[in-house]
């Protein structure tokens, strides 16, 4: 009982930041979409896409290696693991920066359709800050400091919004407004996070001790994950590339706006991953045969995320209405995008077998299969349905992503997740998402959603009872 309470407290301390950040995002998104036009929104989305790929190349999976080997080092020596991981990332970053600055004319024309040294410099500054920010957040996560992690999440969202307002006042309706805002808040939040954990970052004055984890171990574990990320990047970005190719920046802007709404749900996924990653490794190290813990966690998280998906689909028209007149076209784009955070979050539990046994090569196989599927799906559907077709292809891709992650994981870590319930409910949600994508009626989709929620609750009656009992106990104690 004490253990369950401790886990709940850890989750609540980490999750409060996500809920506050979601509220800030829910308030700020309609304001931002009224300031920034769909075309400029689309251009900003392409810039951020490039940041993702360059950042992934620079990290070379070292951030994932840091998380994996964190608990294998003595507590007093973990700062040196951080230094070793940062050394890898910064070495690669300097190499990439030299190439980018040497060929800035070619790169800026290719990426942004204009020759601009400043855009390339801004890109490199952003990537550098992204590396720092990734590790600053990871240090907090791995120590399971939920309150500090929540503070970082809240500051991220709040400072981004304030930055957009500030730079919009100076520049007006231009995609650089979002870029300057992102760079500014990332710098401020990174400084704050490092300040709180300065003891962990004060490794420069110390000689590196002979820690257990060598650079070769970090690269052996991290490089396959980097390759996986690159494939995942293609899988996740082919939608925006396809829309830019067969549609235009306005259509891309609508898609990016719909994704910005889904990004609020991504806060749940990020929040859960922050809580789950250190906890799962800790539990596995304590007792590798404790399968019931993972089964129970999967049941509860699956039920909650399926309910979230159904709830978002029910309120789709209200949410889109908040974006403003220019973004009404996003109504048919959003439904299938809900599967992105939902499937990813649930799969974070079911993929543990691959991570526990360091079988990272399977991540490459998973990413390759899903990438090929999503490329084909976008090539077929985008010319026919535009951004809506891209959303459908991406949503289905994430269901495939979940299935492959789960299937490979079960080869090494067998847990009875009772997957038949999940697939029945997911099939029901796919039909519901398909209906809400093309339906112009407002009330029938809403009442259909109530039916979907009831059916999901019947299949996950056990999870419903556990959650209800926990809520009752909290109310009684309060």
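Each residue, glycine too, has its Cβ placed from N, Cα and C.
For 12-32, 44-61, 81-104, 110-129, 218-235, 255-279, 300-324, 336-357, 364-385, 391-408, 420-438, 444-464 (among others), the entry in TrEMBL reads transmembrane segment.
Two recorded stretches are said to be in contact when at least 3 C-beta pairs lie under 8 angstroms, sequence spacing 6 or more; the transmembrane segment (12-32) and the transmembrane segment (255-279) meet this definition. The listed stretches are 44-61, 255-279, 336-357, 364-385, 391-408; of these, 44-61 has the most Cβ pairs under 8 Å to the transmembrane segment (81-104). Sequence-distant contacts of the transmembrane segment (391-408), counting only residues of its own chain at least 6 positions beyond either end whose CB sits under 8 Å from a CB of the stretch, comprise 235-236, 239, 255, 258, 333-340, 342-344, 346-347, 350-351, 353-354, 359, 362, 365-366, 369-370, 373-374, 377-378, 380-382, 385, 417, 419, 426, 430, 433-434, 437. The transmembrane segment (300-324) shares more Cβ pairs under 8 Å with 444-464 than with any other stretch in the list 44-61, 364-385, 444-464.
Same-chain neighbours of the transmembrane segment (420-438): 302, 306, 309-310, 313, 316, 332, 335-336, 338-339, 346, 388, 391-392, 395-396, 399, 445, 448-449, 452, 455-456, 459-460, counting only residues six or more beyond its ends whose CB sits under 8 Å from a CB of the stretch. Of the candidate ranges 44-61, 255-279, 364-385, 444-464, 255-279 has the most C-beta pairs within less than 8 angstroms of the transmembrane segment (336-357).
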